[in-house]
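Asker: Structure provided below as structure tokens; questions to follow.
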């Protein structure tokens with residue numbers, strides 16, 4: 001069951017990485033699409049009779065913070081995956097399968 005936990009944790013870590021990267025890319029696209037260059041691309045503003053100017057864009061600081069927290073959460077899941085990995089048999093295979101003549105420690109008896 002521990003190996004199943006490890007796989008689920010790796011999948012969750014990977015999904016956090018992919019989704020946060022996608023959100024970071026989308027946020028970059030939003031910033032580009034709503035930047036000051038959009039005024040020059042509007043068809044009414046291309047006429048000489050009309051004067052268009054760029055006022056401002058709402059602050060996107062909270063969106064930047066959401067991307068940072070997404071990557072921090074991915075790092076936490078990665079750390080969690082490390083601790084789950086240490087609990088699996090992949091990290092420290094049991095020595096009970098080694099023959100006693102090759103230096104294997106026999107299991108305790110009479111406990």
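Glycine too: its Cβ is placed from the backbone N, Cα and C atoms.
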Asker: Would you mind telling me which of 40-62, 63-85 TrEMBL tags as transmembrane segment?
Answerer: 63-85
Asker: Checking distant contacts: for the transmembrane segment (63-85), what same-chain residues at least six beyond its ends satisfy Cβ-Cβ under 8 A?
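Answerer: Long-range Cβ neighbours of the transmembrane segment (63-85): 2, 5-6, 9-10, 12-13, 16-17, 19-20, 23-24, 27, 30, 91.
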